[in-house]
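Features as listed in Swiss-Prot:
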type     : residues                                                               : note
ACT_SITE : Asp67                                                                  : active site, proton acceptor
BINDING  : 67-68, Arg72, 137-138, Lys148, Arg165, Asp167, 178-183, Leu202, Gln236 : NAD(+) binding site
Amino acid sequence: MRFGIVARRDREEALKLAYRVYDYLKVRGYDAIVDSETYEHFPHFKEEDIAKLEEFDVDFIIAIGGDGTILRIEHKTKKDIPILSINMGTLGFLTEVEPSETFFAINRLLRGEYYIDERIKLRTYINGEARIPDALNEVAILTGIPGKVIHLRYYVDGGLADEVRADGLVVATPTGSTGYAMSAGGPFVDPRLDTIIIAPLLPLPRTSVPMVVPGYSKIEIEFVTKREVILAVDGQYYEHLSPDIKIRIEKSPRKTKFVRFTREIYPKYTMRIKERH
């Protein structure tokens, strides 16, 4: 069994725990590969065990950090590798275990006492070209000038769904329903569902409301506004776009896979949402 290890780079506790995990696996005879960016911030791993995330070819990834660490993994890895996530972030909607449970969780993984939780992702086409990372949480179309609204139309499966004047538009997965989409007034959606959430950001007037559409839907966005806009994917990738382009968003053929030890969803999500608000 071969493992990849990725840690949050701005917390020494996460980096030290990553080294303990690395040593724990190596002593027991398992292959362990460490993300090169983790190594740059904590250069105590063996150099022959270092690789870029884009080059990871492992059975599992152990992620030590918060949701941002998981999103970084998802944007850079080329394969759908199951992730065991250890929470060293702020809220940790995506993470599975706390730091104190790390080695208990790893032992359960080694014994096969887990299941794989698959989450849908979104693929974005700009003028028909899929050249940006898939989104685990959301794709956000944002105003390029603070204080200036975007005027756009969006279509669902070819039919006009709404014409919106707003600070932006968020298209989210159920996993991302607790993120930017919820800040835009969208609902919490069970992350196991196959749906897509569309939520305008501060629309004028407030007659434009969030909607939930089937996961097989194709969402097309065209701009009436003539100003530059910003496209943001999971808060990790940003690009300035001219308003004459067309955007299509649909479910990606790829999925995110998480190692889980319980099938309970609501206790954790309810607690995290209350902590956030």
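Cβ coordinates come from backbone N, Cα and C, glycine included.
Tyr180 (NAD(+) binding site) sits 13 Å from Asp67 (active site, proton acceptor), taking the Cα positions as reference. Each of the binding-site residues Arg72, Arg165 was scored by other CB atoms within 10 A of its CB, and the lowest score goes to Arg165. In sequence order, Ala166, Asp167, Ala184 make up the list of same-chain residues 6 or more apart from Leu202 (NAD(+) binding site) whose Cβ falls under 8 Å from its Cβ.
Secondary structure at Glu138 (NAD(+) binding site), as computed by DSSP, is strand. In this structure the C-alpha atoms belonging to Thr178 (NAD(+) binding site) and Asp67 (active site, proton acceptor) are separated by 12 Å. According to DSSP, Asp67 (active site, proton acceptor) sits within a helical segment.
For the pair formed by Glu138 (NAD(+) binding site) and the residue listed as 'active site, proton acceptor', distance between Cα atoms is given as 13 Å, rounded to the nearest Å. For the recorded positions shown (Asp67, Met182), fewest C-beta neighbours within 10 angstroms: Met182. All protein chains included, Tyr180 (NAD(+) binding site) registers 23 other Cβ atoms within 10 Å of its own Cβ.
When the Cα atoms are compared, Asp67 (active site, proton acceptor) and Met182 (NAD(+) binding site) turn out to be 16 Å apart.
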